[in-house]
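Inspection log for the structure reproduced underneath, given as C-alpha coordinates.
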(Lines of atoms letter the chains of each structure in order from A; the text may use other names.)
(Lines give C-alpha, C1' and ligand atoms only; values in the text may rest on other atoms or scores of the structure.)
Protein backbone atom coordinates (compact mmCIF):
# COMPACT_ATOMS: atom_id res chain seq x y z
CA UNK A 1 0.00 0.00 0.00
CA UNK A 2 2.76 2.43 0.95
CA UNK A 3 4.50 1.94 -2.39
CA UNK A 4 1.43 2.81 -4.45
CA UNK A 5 0.29 5.75 -2.32
CA UNK A 6 2.54 8.33 -4.06
CA UNK A 7 1.02 7.27 -7.40
CA UNK A 8 -2.51 7.49 -5.98
CA UNK A 9 -1.75 10.93 -4.56
CA UNK A 10 -0.46 12.06 -7.95
CA UNK A 11 -3.44 10.64 -9.83
CA UNK A 12 -6.04 12.16 -7.52
CA UNK A 13 -4.21 15.50 -7.57
CA UNK A 14 -4.05 15.49 -11.37
CA UNK A 15 -7.74 14.58 -11.52
CA UNK A 16 -8.71 17.47 -9.26
CA UNK A 17 -6.43 20.03 -10.90
CA UNK A 18 -6.77 19.16 -14.58
CA UNK A 19 -9.78 16.91 -15.16
CA UNK A 20 -12.56 17.60 -12.66
CA UNK A 21 -15.21 19.68 -14.44
CA UNK A 22 -17.15 22.43 -12.78
CA UNK A 23 -19.17 20.62 -10.16
CA UNK A 24 -21.30 21.44 -7.14
CA UNK A 25 -19.18 22.81 -4.31
CA UNK A 26 -19.44 19.69 -2.08
CA UNK A 27 -18.11 17.52 -4.93
CA UNK A 28 -15.21 19.89 -5.61
CA UNK A 29 -14.31 20.05 -1.93
CA UNK A 30 -14.38 16.26 -1.66
CA UNK A 31 -11.98 15.79 -4.55
CA UNK A 32 -9.82 18.69 -3.36
CA UNK A 33 -9.37 16.99 0.01
CA UNK A 34 -8.90 13.47 -1.36
CA UNK A 35 -5.19 13.85 -2.27
CA UNK A 36 -4.55 15.31 1.19
CA UNK A 37 -6.34 12.42 2.88
CA UNK A 38 -4.01 10.08 0.99
CA UNK A 39 -1.04 12.27 1.99
CA UNK A 40 -2.18 11.90 5.59
CA UNK A 41 -2.25 8.10 5.24
CA UNK A 42 1.18 8.20 3.60
CA UNK A 43 2.49 10.33 6.46
CA UNK A 44 1.15 7.87 9.02
CA UNK A 45 2.89 5.02 7.23
CA UNK A 46 6.15 7.00 7.25
CA UNK A 47 6.14 7.50 11.01
CA UNK A 48 9.20 5.84 12.58
CA UNK A 49 8.83 3.53 15.55
CA UNK A 50 10.57 6.04 17.79
CA UNK A 51 8.53 9.22 17.58
CA UNK A 52 9.16 12.73 18.81
CA UNK A 53 7.20 15.95 18.99
CA UNK A 54 8.06 16.87 15.41
CA UNK A 55 6.28 13.78 14.09
CA UNK A 56 3.07 14.57 15.94
CA UNK A 57 3.32 18.26 15.03
CA UNK A 58 3.54 17.48 11.31
CA UNK A 59 0.61 15.06 11.57
CA UNK A 60 -1.50 17.69 13.34
CA UNK A 61 -0.45 20.23 10.73
CA UNK A 62 -1.67 17.92 7.98
CA UNK A 63 -5.03 17.51 9.73
CA UNK A 64 -5.53 21.26 9.99
CA UNK A 65 -4.47 21.59 6.35
CA UNK A 66 -7.29 19.25 5.34
CA UNK A 67 -9.67 21.39 7.37
CA UNK A 68 -8.29 24.42 5.56
CA UNK A 69 -8.81 22.75 2.19
CA UNK A 70 -12.52 22.23 2.73
CA UNK A 71 -13.14 25.60 4.41
CA UNK A 72 -11.01 27.99 2.31
CA UNK A 73 -14.16 28.83 0.36
CA UNK A 74 -15.00 30.72 3.55
CA UNK A 75 -11.72 32.61 3.49
CA UNK A 76 -11.12 33.57 7.12
CA UNK A 77 -12.12 30.11 8.37
CA UNK A 78 -9.78 28.38 5.95
CA UNK A 79 -7.01 30.88 6.59
CA UNK A 80 -7.28 30.24 10.33
CA UNK A 81 -7.03 26.48 9.81
CA UNK A 82 -3.90 26.87 7.69
CA UNK A 83 -2.46 29.34 10.18
CA UNK A 84 -2.82 26.74 12.94
CA UNK A 85 -1.24 24.14 10.64
CA UNK A 86 1.79 26.37 10.10
CA UNK A 87 2.14 27.00 13.83
CA UNK A 88 2.34 23.24 14.42
CA UNK A 89 4.76 22.76 11.52
CA UNK A 90 6.96 25.56 12.83
CA UNK A 91 6.86 24.27 16.42
CA UNK A 92 7.91 20.84 15.22
CA UNK A 93 10.71 22.17 13.02
CA UNK A 94 12.11 24.29 15.84
CA UNK A 95 12.70 21.15 17.92
CA UNK A 96 15.14 20.11 15.16
CA UNK A 97 16.92 23.46 14.92
CA UNK A 98 20.49 22.92 13.72
CA UNK A 99 22.81 25.88 14.13
CA UNK A 100 24.35 27.08 10.88
CA UNK A 101 25.34 30.63 9.98
CA UNK A 102 24.70 30.08 6.27
CA UNK A 103 21.24 28.61 6.81
CA UNK A 104 20.42 31.21 9.46
CA UNK A 105 21.17 33.96 6.94
CA UNK A 106 18.35 32.69 4.73
CA UNK A 107 16.14 34.73 7.05
CA UNK A 108 17.29 37.84 5.13
CA UNK A 109 15.84 36.89 1.70
CA UNK A 110 12.79 35.42 3.43
CA UNK A 111 12.09 38.70 5.24
CA UNK A 112 12.69 40.75 2.08
CA UNK A 113 10.43 38.51 0.01
CA UNK A 114 7.73 38.48 2.68
CA UNK A 115 7.83 42.27 2.99
CA UNK A 116 7.53 42.83 -0.75
CA UNK A 117 4.77 40.24 -1.09
CA UNK A 118 2.92 41.42 1.99
CA UNK A 119 3.14 45.08 1.07
CA UNK A 120 1.77 44.40 -2.39
CA UNK A 121 -1.09 42.33 -1.02
CA UNK A 122 -2.02 44.67 1.83
CA UNK A 123 -2.01 47.71 -0.46
CA UNK A 124 -4.50 45.89 -2.70
CA UNK A 125 -6.89 44.59 -0.02
CA UNK A 126 -10.21 46.41 -0.21
CA UNK A 127 -11.80 44.74 2.82
CA UNK A 128 -9.80 46.11 5.75
CA UNK A 129 -10.96 43.27 8.01
CA UNK A 130 -8.60 41.00 6.02
CA UNK A 131 -5.47 43.06 6.69
CA UNK A 132 -4.65 41.76 10.18
CA UNK A 133 -5.23 38.03 9.53
CA UNK A 134 -3.40 38.16 6.20
CA UNK A 135 -0.45 39.99 7.76
CA UNK A 136 -0.30 37.49 10.62
CA UNK A 137 -0.45 34.61 8.16
CA UNK A 138 2.44 35.97 6.09
CA UNK A 139 4.57 36.36 9.23
CA UNK A 140 3.80 32.83 10.45
CA UNK A 141 4.33 31.04 7.13
CA UNK A 142 7.61 32.93 6.64
CA UNK A 143 8.79 31.88 10.10
CA UNK A 144 7.70 28.32 9.35
CA UNK A 145 9.76 28.28 6.15
CA UNK A 146 12.85 29.55 7.97
CA UNK A 147 12.38 26.99 10.76
CA UNK A 148 12.10 24.24 8.13
CA UNK A 149 15.36 25.34 6.51
CA UNK A 150 17.06 25.29 9.91
CA UNK A 151 16.20 21.59 10.40
CA UNK A 152 18.84 20.68 7.80
CA UNK A 153 16.30 18.26 6.33
CA UNK A 154 15.94 18.64 2.58
CA UNK A 155 12.33 17.41 2.50
CA UNK A 156 11.02 19.78 5.16
CA UNK A 157 12.91 22.69 3.59
CA UNK A 158 11.63 21.97 0.08
CA UNK A 159 8.11 21.37 1.36
CA UNK A 160 8.04 24.63 3.28
CA UNK A 161 9.40 26.65 0.35
CA UNK A 162 6.82 25.14 -1.98
CA UNK A 163 4.13 26.05 0.55
CA UNK A 164 5.27 29.67 0.50
CA UNK A 165 5.23 29.67 -3.31
CA UNK A 166 1.74 28.15 -3.39
CA UNK A 167 0.30 30.68 -0.97
CA UNK A 168 2.06 33.51 -2.80
CA UNK A 169 0.30 32.59 -6.05
CA UNK A 170 -3.00 32.23 -4.20
CA UNK A 171 -2.80 35.55 -2.36
CA UNK A 172 -1.49 37.55 -5.33
CA UNK A 173 -4.22 36.17 -7.57
CA UNK A 174 -6.89 36.80 -4.94
CA UNK A 175 -5.95 40.31 -3.85
CA UNK A 176 -3.65 41.93 -6.41
CA UNK A 177 -4.09 40.79 -10.00
CA UNK A 178 -5.00 37.71 -12.00
CA UNK A 179 -2.14 35.22 -12.24
CA UNK A 180 -2.20 33.09 -15.41
CA UNK A 181 -2.85 29.43 -14.61
CA UNK A 182 -3.16 30.36 -10.95
CA UNK A 183 -5.29 27.34 -10.07
CA UNK A 184 -2.73 24.95 -11.51
CA UNK A 185 0.22 26.78 -9.95
CA UNK A 186 -1.39 26.98 -6.52
CA UNK A 187 -2.51 23.37 -6.28
CA UNK A 188 0.53 21.67 -7.84
CA UNK A 189 2.90 23.46 -5.47
CA UNK A 190 0.50 22.91 -2.55
CA UNK A 191 0.15 19.15 -3.01
CA UNK A 192 3.89 18.90 -3.65
CA UNK A 193 4.61 20.78 -0.43
CA UNK A 194 2.39 18.59 1.70
CA UNK A 195 3.73 15.39 0.14
CA UNK A 196 7.31 16.42 0.90
CA UNK A 197 6.43 17.22 4.52
CA UNK A 198 4.75 13.83 4.85
CA UNK A 199 7.73 12.15 3.20
CA UNK A 200 10.13 13.86 5.62
CA UNK A 201 8.73 11.94 8.58
CA UNK A 202 10.73 8.81 7.85
CA UNK A 203 13.99 10.79 7.73
CA UNK A 204 13.34 12.55 11.04
CA UNK A 205 14.42 9.51 13.01
CA UNK A 206 16.67 10.80 15.75
CA UNK A 207 16.23 13.59 18.25
CA UNK A 208 19.82 14.69 17.66
CA UNK A 209 22.09 14.29 14.63
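Each Cβ is built from the backbone N, Cα and C atoms, and glycine gets one as well.
The list of residues near the transmembrane segment (29-45) in space but at least 6 beyond its ends in sequence, with Cβ under 8 angstroms from a Cβ of it, reads 1-2, 5-6, 8-9, 12-13, 15-16, 20, 23, 58-59, 62-63, 65-66, 69-70, 73, 191, 194-195, 197-199, 201. Per TrEMBL, transmembrane segment is recorded for 29-45 (among others).
Taken from TrEMBL, the feature transmembrane segment applies to 52-68 (among others).
As annotated by TrEMBL, transmembrane segment applies to 74-94 (among others). Counting only same-chain residues 6+ beyond the ends of the transmembrane segment (74-94), those with a CB under 8 A from a CB of the stretch are 53-58, 60-65, 67-68, 130, 133-134, 136-137, 140-141, 143-144, 147-148, 150-151, 156, 160, 163, 167, 197.
According to TrEMBL, the feature transmembrane segment maps to 101-118 (among others).
Residues 75-76, 79-80, 82-83, 86-87, 89-90, 93-94, 97, 103, 106-107, 110-111, 113-114, 117-118, 121-122, 156-157, 159-161, 163-164, 167, 171, 175 of the same chain sit 6 or more residues outside the transmembrane segment (130-149) yet have a Cβ under 8 Å from a Cβ within it. What TrEMBL lists as transmembrane segment is 130-149 (among others).
The list of residues near the transmembrane segment (101-118) in space but at least 6 beyond its ends in sequence, with Cβ under 8 angstroms from a Cβ of it, reads 134-135, 138-139, 142, 145-146, 149-150, 152, 164, 168, 171-172. Tertiary neighbourhood of the transmembrane segment (52-68): same-chain residues 33, 36-37, 39-40, 43-44, 78-79, 81-82, 84-86, 88-89, 91-93, 95-96, 194, 197-198, 200-201, 204, 207, selected by CB-CB distance under 8 Å and a gap of 6+ residues from either end.
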